[in-house]
């Protein structure tokens, strides 16, 4: 038996789902590098787009169930961690997705089966294929199984850049992304002081100073988060 065909069968057994639509599964596992332009090949890029949304829904649903008292701003960073490229690639390795992928010879030769971007994209495509083949329940079952260990990791208290934290908080509140504006620059060229204002729709802006624009922006973001009780 062809090694890749065997790997596809092993993958189905590991995730606990036998695909009715074999072409759909094959497309989910086919990277865009396949095909030389003359031969049209249906790759997994569109499924990857759909799967990103399916995965986001399942992750949001699971987080809301696990942390019913958490606020949106508290759930947002966990959600971002669960659907990140790093996490999706790690899940792909756990499911041994790499050997089942269909890649071009050149991509395979340079280690494409172990590349985070390829593995993460294929994971999203697989979630879309599960949704289309077996409905949301089939996708949910696989998600809860493969991502089970990721929930604790997503909740680890890793230090975050204040600007990133503010962006996640704003998204969790359903607000537009923060905007930054330099209000003033004082001091000599060798020791400048920047005054920066950060604004988020619906709340008062925060102002802070720093020795560089970046430092001032971080300080302003931190000030706004702390004032809103999210820092």
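From the backbone N, Cα and C atoms, a Cβ is placed for every residue, glycine too.
Swiss-Prot has this to say about the protein:
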ACT_SITE  52  active site
ACT_SITE  124  active site
BINDING   48, 124  Mg(2+) binding site
COMPBIAS  212-231  compositional bias 'Basic and acidic residues'
DOMAIN    8-135  domain 'RNase III'
DOMAIN    161-230  domain 'DRBM'
REGION    210-231  region 'Disordered'
Q | Largest tally of Cβ atoms lying within 10 Å of a Cβ, found at which of the recorded positions 48, 52, 124 | A | 124
Q: In whole Å, note down how far the CA of residue 124 (active site) lies from the CA of residue 52 (active site).
A: 6
Q | Local backbone state of residue 48 (Mg(2+) binding site), from DSSP in three classes | A | helix
Q: Go ahead and report the DSSP secondary structure tallies for the region 'Disordered' (210-231): helix first, then strand, then coil.
A: 15 helix, 1 strand, 6 coil
(Q) With helix taken as DSSP H, G or I, strand as E or B and everything else coil, how many residues of the domain 'RNase III' (8-135) land in each class? (A) 89 helix, 2 strand, 37 coil
Q. Roughly how many Å separate the Cα of residue 124 (active site) from that of residue 48 (Mg(2+) binding site), to the nearest whole number?
A. 5
